[in-house]
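The disulfide bond annotation in TrEMBL covers Cys1194-Cys1211, Cys1213-Cys1222. If you look up TrEMBL, you'll see 1185-1223 marked as domain 'EGF-like'. As annotated by TrEMBL, domain 'GAIN-B' applies to 1427-1551. Summarising the annotation, TrEMBL assigns transmembrane segment to 1607-1626, 1822-1843, 1855-1879, 1912-1937, 1943-1970.
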Amino acid sequence: MTALNVNTQPPNIEDTYTLRLNSNSPNYQVCYDNPLYNLEASKYGVYDVWFYIQYWDQWKMFDRGILMKFMYNSSYPASNSTWIIGRDRGYYTRKMSQNYPHPLKVCMWQMPADNSSMYIRQNEIKFFAYQNTEFYYFYHFIYRFYAQSYKLYTGVKPTYIVDYYRPKPQSSSLSGWTASINTNLKATFTDQSRVSWSDTDTLGENINYCMPGYHKNMSYWNCTQCDSPCFECSIWNSSFCYSCIKNYYPSEYYCYKADCPKGQFFNDTRKICQTCPAPCSSCNDEGQCLYCQAGYNYINNGSRLCLSNVDGCPKNTTLDSDGYRICQQCPQGCRTCNSSNYCYSCLTDYYLKNGTCLLNQCSMGKYQNSVSKQCQNCSTNCSSCSSNQCLKCYNGSYLDTTSGTCKLSCPIGTYQNQTSGTCQKCQSNCYYQNSNNRKCDKCKNSCLLCVTSETDCVSCKPGSLYSNRQCQDSCKDQEYASQAGFCYPCDPACKVCNGSLDSLCQKCNPGYYLQGSTCYKKCPTSYYPNLLAQTCESCKYYCDDCNQDNDCNICKSGYGFIKTLNCTGEYFYKSGLNRSLSLPFNTQTIPSDFDPEELTTELWFKAQDLMSIAIQVLLGLNPYKIRKISNDPIMQLQYQNTLQYCNSEPILKNNVWYHIAFTFSQKTLTLACYQDGNSVPVGLSPTIVVVQNLIKPEEMTLGGSKDLKSQETNFDGYIKEFRLWKIARTSFQIKNFRTVSFTIAPPDMIAYWRLDDKNDGSTQVFSEATSNQVITYDPQPILKIQDLVEFREIYLKLCQEGTYSYFNETLGYYICLPCDNMCKNCIGKTSSHCIECNLPYKLIKEEFICKIVEYCLEGEFMDKITGLCFKCNSNCKTCFNDSNNCQACKQGAFREYQGTSCVDTCPVGMYGNVKSQQCYFNPRIDYIIPASESIILFGSFIDVKGNFTMLNKEDKESYTYGWKVIRLSDNLDITVDAVKPYYETDIRKMHMDNNIIQAYNYYSLTLFVKGLPEFYNGLYAEMVNTFYVGSAPKNGKCQVFPFQGIATVTNFKIQQSGWVDEEIITRYDFLYSLDGGTEYFPIQTDNRLSQEISYQFQSIYDKFIEVRVMCKATNLKGFSSKITTLIVLEKKSNADASKDLSNINTLLQENEEDILQMIIQLKLITKQLGNTKTQDPQAFDPRLSSKDCNNKLCNNNGNCVYLNYQKKYYCNCTEPFAGLNCTYSNKTQLIQIKSFISQLSVKYLSLSDKQYEDIFLSLVSDYLETMNDVTFGIIIQIIGNQFSQNGQYPLTNKQVTYYMNLISNLIEYVENQVVQLNATRTLLNDEIKIQNLQDNYQSALDLFEYLRSNSLNQIDMLDPSKQFQSRMISYKQILISQDSLQQLSATQDLKKSLTTFIKISEINFKNQGLPLEQDFIFEAIEFAVNPYQVVNFENISNNVFEVSFYNASDKAKAEIKNLSNGFDFYFPHQDNQNLSEFITYYNSLSPYKAKQKALRSQLLQSSKLDCQYWNSHQWSNQGCHLQGVDKTHIKCNCNHLSSFSTTFMTPKQSSASAETYTNKYLKSNLDDDGKIKIEDLIVPFDKYFKNLEELLQHKTPSLIEFIFKPGIYIVLLFWLMYISSLFYYTGKDKIKREKMTKSQIRDDLAEIKDDKIQNLDELVKELLARDLNKNQGIQPQEISSQQTRQNSGEDRIKLKLNRLDYINQPKQVLLTSQNFTLDNLNIPTQIIGMGGNSPKLIIKNFEQLDEYQQKLIKRRARKRVFGRVGDVNERAKRLYKQIFKRKQFTPENKMKFFHEALKNNLWFSLMAKTSKIAPRHTRLTLLYLYISMHLSITSVVYIFGYQQLIADLIGDSTFSTLAIAILPLIAAWIICLPVALVFRMPMTLRRELEGVRAKKINKVFKEIDQLMGCRYALGYFISFTCFVIMTIIVIFFNYIYPTDYCMGWMMILVALYFLDMIIFTLGFAGFQLLNIILSLKCRFFYHIWALFEIIRYYKNLRG
C-alpha cells in the first residue's frame, strides 16, 4: 500500500465511449494482448472489465452460451488451478480441473446467432497484478479498485495496475487500439464489420467511474472523496484506508501520521521508520542529517554533512559561538571568519569592510575605488557617482551635467528639471547658447541637449550612448553600455566587459586571464594560464593542479602520482545508450559444437543510474541475461526472457564497484549466484528449468544484448574483467580470485576480456586472452576505442598473480602488494592469507595457510588426490574421503536424510531424533473442523475436531499437542479463554466458548503437535484454518400479492423487505415448495439484488394446492435468513398433463434453474398420470404380506406376482398400462418421461456451475418409475464427486441422513429391477444383465461405504453413538466395552418381533486374545435386500445383517474369528414369507406332546433352516449353527463376524401319492392341550362374554395355578393396609386436630387480615379498658353491650342463633365511681415524681399513643379473633411468602430455604400434615380409592388385551410399557376428582369461621364436622363400592388368565407405582422448586408454581 499524489481532476468521470459488439458472431470478436502474460508465479493476476448486455430489452448477464472465455496457450507450464470469478463486487472461487497460466491473448465475446438484436457494449478492461501476501482477502482488492479509472488521472498510478485498454470516441479507427501504458500491446478484431466505436448517453449503458482519491459510494451510487488522510478507500467505507496522502502511512486500514522517534526518519516509499544514516542523530524525510552524533560537527551550509571533530570545520564555515557542535556558514561573501561572524577575507565580487564582506556596490553618496576596492565619498550633495563624476544628486540640488557636480541653482542657459533633478537647457529644440555669439546654435545630431558646444551633450537621442558628455554609437574600450543608455567603466582587469564587476568580463587586460567571465591574476585550482590566449585552461580531469596540459603537479583523489608518468589510473569500459560490446567467440575455446555441462560467468561493474525506470541489460549471453530491474537497484539473472533468478543482496549503490558471478551445473542440477563473493538466494523460480539442459550462449554482449525486449536498454555504467568458464567455479574460487588478473588464462576459462585497453590512441581494438591466438574486437566504424574506454580512479584494482589488491588510505586508491613466499596467490600479505600455494605446499582453505600435510586431526579428512586435510562437515564428528561422507555425527546433529552427511537441522517437514540421531518425517495433521474459510453463524455451537497421525510411532510422553485461536482483527491470542475441552476427553475434540467468540471477526484455528526438546529437534506440525463468525440478516418480511391465483395465468408479485444486517446483503433469492416445505425450488431472477420479482407458476393438476413461498436474503459472508408465506394456487381449467407432456422440449433448457423447473414440471405430470405417491424415507424394509398381493394392488390393470423369499411383489401390467402398480394408463408416456428426465440429467451434468445439486438429486430419485440406468449413473457420479470434494471432513447427521435416503432410493431402484426380472423369469440365463445389476448394487454400496466410514471416524467418548435408517439400509455404530452386556440392532423404532439383533457379553471375549481394544466400536448394518446376489439360488432371506468391530483408537477393523463363545444372532422370521408361515405353524405345535413334538422336529429338519454368512464370494455356514426358534425369531450362533442371514427350504408335505415341494408352505391342523390360552380370551368386547361362556364349558382354570398368581395377594394387602391405616390414623388425627395451635389453624384456613371482620376498633377499645381496669384493681366483666357488631344482623344459615355466643360481641367494662366510659378511656402512664415523691399516674387516650404502641395494641387485638378465610389463590400466596420468609440468604438460610421449599412441594408431606378442614380419614380413603382405580383399570386393560394394541401402535417395548403405566394414572385422577369434591369442605362452611374468637374455634369446628357428616357418608359409599368392584375384577382376572400374562400385569403395576411415587412425586417437587427459584427473576414462573400448587390442594382435599 503506497501513498499516492492527490489528483486535481474531477471525481466523477462519465464515460460514454464504448466498443459496441453485435451478435451473429460464431467466433470471439476481440482479442487483447495480455499484459499479464508471463506474470511471476508469486503474483495474482486480475482481469477487470465493464460491459453492458442488451437482450430483448432486458439486462441479462451470461444468459446464453459462453460470453467470455480465455484461450489458453498450451506451450507454457501450469501455474495455478484456482480462479476467482466475480460480478458486481460479489465473487466465488472455482477450482479448475487442471492448471493454467495467464494466456498470451485474452479473447472475449462469442454471442449466439439466433438473435440479431442483441449487442454488447464494452468499456475499459484493466489488468492488475499483486503479490499473494498484499491482500489478505480478494474482496479487499475489489473494494479498493471497484469503478476506478485512470483515463484522465495524471498522478502516480498504483503499482498494481499493469495496463489497461480504454475505449475510443465514436467513428475512431478500429486499428491501432493499444494499451495505455505499454503501447506495444494491442487489441485485434476477428470481424470488424461486427464491431464499432459508439458513443452513448443512454442511462444505464454509460459508465460512471471515480478518480483515485474517490470511491464509489454504494448507497448513493456516486463518487465520494475518501476521508483525509485516506487517499484510496473502500467502496463501503470512506475511512477504510488502502493508501494515504503524503506524510501518512497505512496500517490495519487506517492512516497514521508519519511521526518517527528521534534518530529515525519516515521512508515514504516503504512506509516505515528507518534509522538515520550514521553519524546522523536526527534527519529529515530524505535521510539527510539535521544534527550529528557526539564526536561529529554538523555542517550547516546546505550540504547536511557530519564531519569528525578532528577534521574541524570546512571552508566558509566556523564553529558555532554558543558551543553547539555546528559549523555555521560564514556571512554572505565571507571566505574565512571566526565564531563571532567576523570576516577575515571575502569571496570574489565582495570586499572587506570592518570585518564584513560587502558586495561591490557602495552605499548612497559613495563610490568604490577601483584600486583599493574601498568606498569613498562622492562630491557635495551627490547621492550617486562613478569615480569623480556625479551621476545623481540629493533632493534640493541639481546635477550640472557639464561639471558632473551638484548645484543649488543651475547655470545660465539651463533650467532646473524637477523630474530628473538635473539642469537642462532652456530650449527643447536641441539648441544650445553659444557664448561667443550669444546665439542658440544647433546640437550635434546624436545629442538631445547640449550646453557649451554642439558636442557638449547633456543627454542623447534614443539609440545613442552617453559617455563623458558625448553621444556615441558604441562605448569605448574598458566601458560597457547600461540599459539606461550610459557608458560606464569596466573593472580594471577587464578589457571588454558587460558590467562593472571583474566577474563580468569578456576579455582581459594584460596580466589577467579569463576563466569563464572572470579575469584572474592567477588561474584557479585545476586550471593553468594560456599566455597566448590570456585564458585559464582546464587541467586533465584527473589533475587537481597543473603547469600545462600534460604537466600535472597534484593528482585528484583516486589517481596515483608518478613524477615521470604524470598521474596514473585504470582503464574501464564505459557502456551506455547505443554503446555496447558484442564480442566474438574464441573458436579454440568455444567451438561451434560446444555443448556445455557447466558454466560460470564473472564480471565487475559500476552503475551510474540504478534507480532508472529502464531495465538495463548488463550482460547478454542469450538465452541468459544479467539485468537491472526497473526502478530498483537490483541485478538479477533472467532466462529465456521469462524466468528471473538471484536478486542481488544487499541493494546496490551508484558509483560503487561490484563483482557478480553465476554458476550453472547440469551435472548437479544446481544454480548458484554471488555478489562480491557472497552467495545470493536463487529465488522462487524453478532452477531445474535453467540447469537441466544448458545451452551454448548465442551472443556475448557486454553492456547490452542483441535481443533487447520492451523497456530494456543498454547498461549505463562501467564494466571490467569479464570471464566465462566451462566449469562451475566454487564459492571459494569466486570469492577469493575475483581480484586476481590472470597472466595466462587457466585451461577451463573459455572467454577472458580484461577490458583494460588504453584509450590514448595506442590501441585500436579490444583483446581477448584465453589462448595463444589473440582474439580481438574492433568497435569501428561505429565507435572508437577512445569513445568506449575511460581512464578513471583506481577504485578497482585487479592485480597480477602473486600480488593482492590493497587500499592505501594515505594515497586514497588501490595498489598491488606482493604475497608471502609460500603463496602463489593471496588476499593479504601474511602466510595466513593464501588462496593458492607454491609447491610443495598445500592449501588449507579454511585457514588460508599453506603447509605440508602428514596426517589429519579428528574432524578432518585427507583428500586422496591433493593429500590435503580438509575439515569435515561442521556437524560431522568423523568423516572419510569427503567432508560430507560422515562416519559419526556430533552430539546434537543428525544423519542427513537419504544422504551421508550430518546436519544440525533436518530438512523442512522433518525432525531430528535426539537419541537415534536420525531424521524422520513430522506428524501429519489430518484435518480440522471447521474447515478453512468456514463461515460460522454467531451464537451457534462451534464444535471443533481435529486429528493428526504420528508417522513414526513416537511415544505419547515425548510430544504435546493442542490448539491456538487468534482473533485476526487485532491479532489477539484468545486460546485460554476460547478453547473449552470436554470432560475426560481427548483435547483433539473441543468446543469454542461463545462468550469469547465475537461476531463479524475472522479467527485462525491452529492444531499443532510439538515434540519435547529433550527427545526431538524440530518436531512440529500444524494446520491452520481460518474461519469467520458472522450473523445472518434479521427482521425480514415476505409478501406475495395476490395470495391466491391460477397457475400459468396469475402473475404473482413476490416481495421481501425489512432485512437488517451489519454485513452487506449481496443477494435476494426466491424459492417455492409444492410439498409443504420439504423441498424448495429456486425461482430464476436476473438481478440478485432485486427485492421484488414477478413470477408465474407452471401448470398444476390438482384443483387447489398450497404453495409455500420462501424469501431468502444472503449477506456478503454467505449467511442467509429465510422467511416463508403461503399462497393458494388453483389449477387452470384446461390444464392437461398429457398435453403438457407432449409439448415439453428439453433442448431449450440451458441453465440450472430452467432444468430444475422442467424436472419439477415432469414430476407433477408423473404424479398426475401415474397417481404416484412419495414413500416414507425412514420406513425400513417395505415388506408386503402375501395376502396383500392381489390384482387390486395393481389397480386391476395387471396381475400381482409375489416373491416369497424377498417378500416383494411385481405387477405384470396388461397393455397399455405401466408403472410399479400399473397406475399409468399409457406406457409410452412413462417411457417418454424417463427419456426426458435422463436428457435433462445429462444436460445438468454438463453444467460448469451448479448451485442446487441437492435439489436435483432429490427430484430425480423421488419416483422410482421415472429412473433409468442413465439417470442412475448420473446420480452415482454427482454423489461421488461430492464425496471426493468433501474428502475426510466429517459429515453432519443431517447430511448423512440425506445421502442415506438417496442411496436407499438407488438400491430400491435396482431391487425393483431384480424383482421384475425374477418374477418374469428373464434373469436366470442373462449373465450380462446379472452382472450389470450387480455392478449397480456395488456402485451404490461404494457410496454407502464412504458414509459408513465417515461417521465411524466421528465416534469417540463425546459422541459415542451414530444410527441412521432408510428404506433399504439401516446401520448403527456405538462405542462399547468388552465387559458390557448389550442387545444391539441396526434399526430403530421397529417392533421387537421385526428387529434383527445380536447379543454381546463379556463371555464372548473371555480368554480369546483378540486384536481388539477394551473399548471398541460396534457396527451393525442391516440391508432390506440381498446386495451380494442378484439371483437367490440358496433361498436366503432377503434381509442381510452385517456386524463389525473397530478399535476405538485408530478405527482399524478387528478380525474376529474362531471364538470359543460365539455371538448369538436373532433373525425375525417375517423376513421371509415362507419362513414366516412355517414358524407360525411350528410354534403352534406343543413341545410337550409327543406327537406334536415329533412333528416339530420333522418340520425343522426338512426345512433345512440354517444360519449362513457371506465369505466375500458365496454363502457359507462354516462356524455358524442354528440354536433354535421362538415365536418371533430364529436364533443363530457364529464364532466370527461377517454378513449374516438365514436360509430356508419349504418342507416336504406328505400326501397319498408322493412327497412334493410347494412354493408356499401350508400349515396342518392344530392340536390342543386343553388349557386356556391368551389367544382364546383376546376377542372383541361385544363377543367377550359369549366367548367366555363357551370357553368355560370345555376348559376349566386351575385352582392350583390361581394360588400362585399375584392378584389374590394384592387384594388382601390392599384391604389389610386400608383398614389398619384407617383405625390407626383416625384416632390420632382426632387428638391432633384438637391440639392444633392457633397459628396452625390460621395457616390451615389461609387466614387473611380483615379489620371489618375482626372488628378491630372494638377490640382495641376493649383491650384499653381491660388494661385500665387492671391498673385500677377492677376486674372486667362481660355484660351485654348496647352496640352491635357490624355483621350481628346477618343470618347464619347453618349455625343459626346458637353460634352467636362464639362470635366477637362488643363488651362494656364495669364502670367505677370515677364514671369511665369507652369513649373517654385513657391509658394510664406512670411518671416518677420529683424530689423522691411517689410516682404519679398520667392518663392518655389511644390517639396520644406513639406509632409503636398503637401497632402493638392492634396486633394483640388481631390474635383474639380469626380473619377472612382465603381461597386457593390466596392460600398459594400465603405459602409462597412463608417459603421466602428468610430474605437474608446466608449459607445457613439457603439450606433452610431449600429444605422448606422441597418439603412443601412433596405430595406425601402435605398428606402428613394435620388439618382442621380435611380430616386424615377422608384423605386416606381418597388415596386408597386412587389405588383401587389403578388396579381396576389395569385389570380391565389386560382382560380385553388393550395393552397389546397400545404396544403395536407405539412399537418400541420401552415406550409402550411407559404408556400402559401412565394412562391408568391419568384415568385414576379423572375418576377420583368428583369423589374428592364430595369429601371437600365447602367454602360456605369455612366462611362461618370468620370473626370467631380464637378460644372458641374448636367448638365451631365440631359443629362443622357434624354438618359434613352427610358428605362424608356419600364419599365413603362411593369409595367402598369401588373397592368391592376392584376386588371382583382383580380376582376374576387372575383366576381366568394364564400365569405369565398375570405376571406381566403385575410388572405394569410395579412400573405404575414407581412412576407415581418416585418419578411423578419427586419430579413434581423438583419442578415446583425450580419454578420457585426462577420466580425470583421472572414473575411468570410464580404463576406456573401457583397453578400447580392449586392442583395439589385439590388433590389432597385441602383447597
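Positions of Cβ are set from backbone N, Cα and C atoms, glycine also.
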Counting only residues 6+ apart in the same chain, whose Cβ is under 8 Å from the Cβ of Cys1211 (disulfide bond)?
Leu1193, Cys1194, Asn1197, Gly1198, Asn1199, Cys1200, Val1201, Gly1219, Leu1220, Asn1221, Cys1222
My understanding is the cutoff is Cβ-Cβ under 8 Å with a sequence separation of 6 or more in the same chain; which residues meet that for Cys1213 (disulfide bond)?
Cys1194, Asn1197, Gly1198, Gly1219, Cys1222, Lys1227
With every protein chain in view, what's the tally of Cβ atoms within 10 Å of the Cβ of Cys1194 (disulfide bond), excluding that atom itself?
24
Under the DSSP assignment, what numbers of helix, strand and coil residues are found in the domain 'EGF-like' (1185-1223)?
3 helix, 13 strand, 23 coil
Kindly report the helix/strand/coil residue split of the domain 'GAIN-B' (1427-1551) according to DSSP, in that order.
29 helix, 42 strand, 54 coil
I'd like the number of other C-beta atoms within 10 A of the C-beta of Cys1222 (disulfide bond), please.
23
